[in-house]
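Data first, discussion second: the structure below is written as structure tokens.
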Amino acid sequence: MASVDGDSRHLLSEVEHEVSPGPMNIQFDSSDLRSKRPFYIEPTNIVNVNDVIQRVSDHAAAMNKRIHYYSRLTTPADKALIAPDHVVPAPEECYVYSPLGSAYKLKSYTEGYGKNTSLVTIFMIWNTMMGTSILSIPWGIKQAGFTTGMCVIVLMGLLTLYCCYRVVKSRSTISTSDTSTWEYPDVCKHYFGSFGQWSSLLFSLVSLIGAMIVYWVLMSNFLFNTGKFIFNFIHHINDTDTVLSTNNSNPVICPNAGSGGRPDNSSMIFYNNNTEVQLFEKWWDKSRTVPFYLIGLLLPLLNFKSPSFFSKFNILGTVSVLYLIFVVTLKAVRLGFHLEFHWFVPTEFFVPEIRAQFPQLMGVLTLAFFIHNCIITLLKNNKNQENNVRDLCIAYMLVTLTYLYIGILVFASFPSPPLPKDCIEQNFLDNFPSSDILSFIARIFLLFQMMTVYPLLGYLARVQLLGHIFGDIYPSIFHVLILNLVIVGAGVTMACFYPNIGGIIRYSGAACGLAFVFIYPSLIYIISLHQEERLTWPKLVFHVIIIILGLANLIAQFFM
């Protein structure tokens, strides 16, 4: 075996000194070298931020083979046969491989486990939680009642925050193993064995596939309304004449009035004597045709081996949420507030403040506040680890305020009379006609953003399912195609027969939240306290109540 001095030779030829570290330099903890696994990179693919070409020596290639030899001796989680220090390259010689085929230089640091400031960490958590659920918050408030809805949002925010805090602290309860590289499924496996690992995988897939189904329903909705806007604009058709709506310069519609809550796609029934309109209605239907048009566009994107290209558009999610906040604020200013308070008895135009359907809002909020399966990963990159709990609390507070802001403004400004509050749709954008310019822009933003996120969700589902079953995230094009056809088929089926995003969100939220939000964090905490002989009756009762609440939340969704 080569000596330590011999192995300390430079693996890469001398390179031009970097004036600025640049945004692509990835930081890591220099004390954690034993967990690094370098990759052999083709010489033409070794790049720096300033594109200085570097060469890989034969010595580096040989060392790479040694590393792979050690990695085959045992499982990655087992530290017993990890590669010794003299085989692992020095910090300045470590590179991380990008799926795009490039290697980016790692920069050592000593300030923390990551490079993100608290402000960046807070924004990342907020941005990750801001999803499609925000479109259903006003509908959830309508189902619960205005006062009850606000209280439920605050209480669910506090409850999910506490459970998320328990997830963050779960690794520190394990003293027998090095948990620095663990994710939450690893913690579940430690406490519950293979059942914990596979059940966490199952519920994670439920949340992923549920989100993909909601995305397909919404993309069908947005594509339908976009096409309808263009057709109506060309043919000078006013679609507010065919539905119950307000007669002013800021029209609000009740598209499902008299349909028992079922989606109504015949929005131009008064123009059926026009052959052109009849043809358009036949081939441009929200439930019968548009969901199938998306297949030709999105199915090929799901089969990409790497979704790296689509990750470049993540900023669109933030832009979409900020634009929604702007639209809601502007609409509220123009429409004004329309509120009456009746505690238990509904009226013609207003719902009572307390309604028995409040569990529907709880189901929506379980998914709206759901970040428990990836919060450990997000906080690992925080520069100051001692601020993790504080940053998590601030992020949850901002998310709660965002949901309250959107929900209260949409509900309060909904024009009642002449329209009843029960007209608030599961996607509140459906309460604005397709001819509304602000809503049209919002739908375009959201449609494009969802079309870039959808392949990322499909990739995550592929990694979790095929990676666990076959040990390879891309075993063959046949395996990947079958999985994608099943996922797309589920989305098309729901878009055709159950295009109710509020219902889909609350069911999937209550299901995945049962494990990740309510049961696992509480049960792991109870077990750890029992092992340390610190378990008390108040703590036991409190966390058992949380588990029971999660079960009740799921069961209640089937009776609403």
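Just so you know, glycine gets a Cβ as well, placed from its N, Cα and C.
Per Swiss-Prot, these features apply:
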MOD_RES   S20  phosphoserine
TRANSMEM  119-139  transmembrane segment
REGION    128-133  region 'Important for arginine binding and amino acid transport'
BINDING   S133  arginine binding site
TRANSMEM  146-166  transmembrane segment
TRANSMEM  198-224  transmembrane segment
TRANSMEM  283-299  transmembrane segment
TRANSMEM  309-333  transmembrane segment
TRANSMEM  356-376  transmembrane segment
TRANSMEM  394-414  transmembrane segment
TRANSMEM  437-457  transmembrane segment
MOTIF     443-453  motif 'CARC motif'
MOTIF     456-462  motif 'CRAC motif'
TRANSMEM  479-499  transmembrane segment
TRANSMEM  507-527  transmembrane segment
TRANSMEM  540-560  transmembrane segment
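The recorded stretches the transmembrane segment (507-527) and the transmembrane segment (146-166) share 3+ CB pairs below 8 A when only pairs 6 or more apart in sequence are counted, and are therefore in contact.
Here the transmembrane segment (198-224) lies next to the transmembrane segment (283-299) in space: the count of CB pairs under 8 Å, restricted to residues six or more apart, reaches at least 3. Contact between the transmembrane segment (356-376) and the transmembrane segment (479-499) is not supported: fewer than 3 Cβ pairs lie under 8 Å, counting only residues 6 or more apart in sequence. Between the transmembrane segment (119-139) and the stretches 394-414, 437-457, 540-560, the greatest number of Cβ pairs separated by less than 8 Å involves 394-414. Each residue in the motif 'CARC motif' (443-453) has a pLDDT score, and their mean in this model is 90. Using a cut-off of 8 Å between Cβ atoms, the transmembrane segment (309-333) and the transmembrane segment (394-414) share at least three residue pairs, counting only pairs 6 or more apart in sequence. Sequence-distant contacts of the transmembrane segment (394-414), counting only residues of its own chain at least 6 positions beyond either end whose CB sits under 8 Å from a CB of the stretch, comprise 121-122, 125-126, 129-130, 134, 137-138, 140-142, 146, 149-150, 153-154, 157, 160-161, 164, 252, 321, 324-325, 328-329, 331-332, 335-339, 365, 368-369, 421, 423-424, 428, 431. Using a Cβ-Cβ cut-off under 8 Å and counting only residues 6 or more beyond its ends in the same chain, the transmembrane segment (540-560) has close neighbours at 159, 163, 357, 359-360, 362-363, 366, 506-507, 510-511, 513-514, 517-519, 522-523, 525-526.
Counted with DSSP, the region 'Important for arginine binding and amino acid transport' (128-133) comes out as 4 helix, 0 strand, 2 coil.
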